[in-house]
Amino acid sequence: MGSGISSESKESARRSKELEKKLQEDAERDARTVKLLLLGAGESGKSTIVKQMKIIHKNGYSKQECMEFKAVIYSNTLQSILAIVKAMATLGIDYVNPRSREDQEQLHSMANTLEDGDMTPQLAEIIKRLWGDPGIQACFERASEYQLNDSAAYYLNDLDRLTAPGYVPNEQDVLHSRVKTTGIIETQFSFKDLNFRMFDVGGQRSERKKWIHCFEGVTCIIFCAALSAYDMVLVEDEEVNRMHESLHLFNSICNHKYFATTSIVLFLNKKDLFQEKVAKVHLSICFPEYTGPNTFEDAGNYIKNQFLDLNLKKEDKEIYSHMTCATDTQNVKFVFDAVTDIIIKENLKDCGLF
């Protein structure tokens with residue numbers, strides 16, 4: 001009988017040890033799992049950051065996957081030229097080329113009959129001619145006065161390549177493509193011995209109520225704000241400046257009780273577009289009190305401080321900021337490497353794994 005108890009005890013001890021080991025493994029896996037929440041107003045570059053994670057950490061886009069973006073790229077291109085043509089009338093700008101009026105009529109006719117995402121050689125020629133009209137170019141220069149995709153010039157300047165027979169989108173074409181994010185999109189990848197779960201949440205106002213489900217157990221928030229949006233208004237409310245909306249949103253997230261212990265990283269994105277714009281449009285259009293030099297560095301630092309000054313718990317909570325260009329893979333790779341080091345330092349120093 002004694003040996004029976006002994007073997008039962010051994011079995012019990014073995015099971016107990018196995019359970020302990022499993023609990024330890026689960027704890028280690030959980031400690032190595034990083035839940036990243038990407039937040040920010042609409043069109044701030046969140047989805048482009050997600051695409052970069054696929055390029056940098058998940059073997060990029062296959063030819064087949066790139067081909068799936070072709071219709072989106074053509075749709076973005078058509079929407080851009082239609083938006084500029086519409087703004088010509090609103091802003092009272094005339095065409096210079098005599099043929100452009102006829103091209104405009106044909107453009108509208110074809111846009112109404114073609115399937116979304118189609119691009120015929122005839123349509124491509126019409127778009128090319130219109131884009132070459134000095135009146136259209138003058139209207140494009142005033143893009144902040146109406147809603148236009150950031151990718152407009154990228155695609156319209158490269159129509160010959162985009163509409164050539166056998167065209168296969170490259171990664172830059174994919175990165176510049178725009179589809180409004182609705183709901184929550186999760187991307188998983190591994191980096192520096194950590195398992196990342198990145199959640200991209202729709203930025204337009206109507207999408208924000210869905211964020212609440214993502215709050216629990218978030219390791220780090222990356223907040224994207226478009227530097228170049230300082231002279232632009234919201235798609236969903238043309239009375240509201242995009243930069244002001246972004247600051248308002250950042251304020252509510254940065255000081256939210258849910259995120260008291262969450263690392264927050266600020267991506268001041270679209271620095272390339274900001275650099276172009278700041279040479280032409282003074283920052284005082286957004287911040288009337290700003291009287292400093294209208295340079296990339298001075299104006300950029302001023303915007304950065306507008307965000308950082310919203311942090312009400314500076315002594316307890318540091319907000320890390322980076323100027324980014326989400327379409328620049330090397331820039332995102334460098335910045336995300338730094339973000340990962342912050343996560344390791346802030347969140348894993350107490351678990352004894354590093």
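The backbone N, Cα and C atoms fix where each Cβ goes, and this holds for glycine too.
Range 35-48 is the one annotated as region 'G1 motif', of 35-48, 49-62, 231-244, 301-314 (source: Swiss-Prot). Among residues of the same chain six or more beyond the region 'G2 motif' (173-181), those with a C-beta under 8 A of the stretch's C-beta atoms are 42-43, 46-48, 51-52, 55, 61, 66, 69, 72-73, 76, 149-151, 154-155, 162, 200-204, 207, 326-327, 329.
You'll find the Cα of Ser44 (GTP binding site) roughly 11 Å from the Cα of Thr181 (Mg(2+) binding site). For Ser47 (Mg(2+) binding site), the binding-site residues whose C-alpha atoms fall inside a 10 Å radius of its own C-alpha are Val201, Ala326, out of Val201, Asn269, Ala326. Of all the Cβ atoms in the protein chains shown, 29 others lie within 10 Å of the Cβ of Asn269 (GTP binding site). Counted with DSSP, the region 'G1 motif' (35-48) comes out as 3 helix, 6 strand, 5 coil. According to DSSP, Asn269 (GTP binding site) sits within a strand segment. DSSP gives Val201 (GTP binding site) a strand state.
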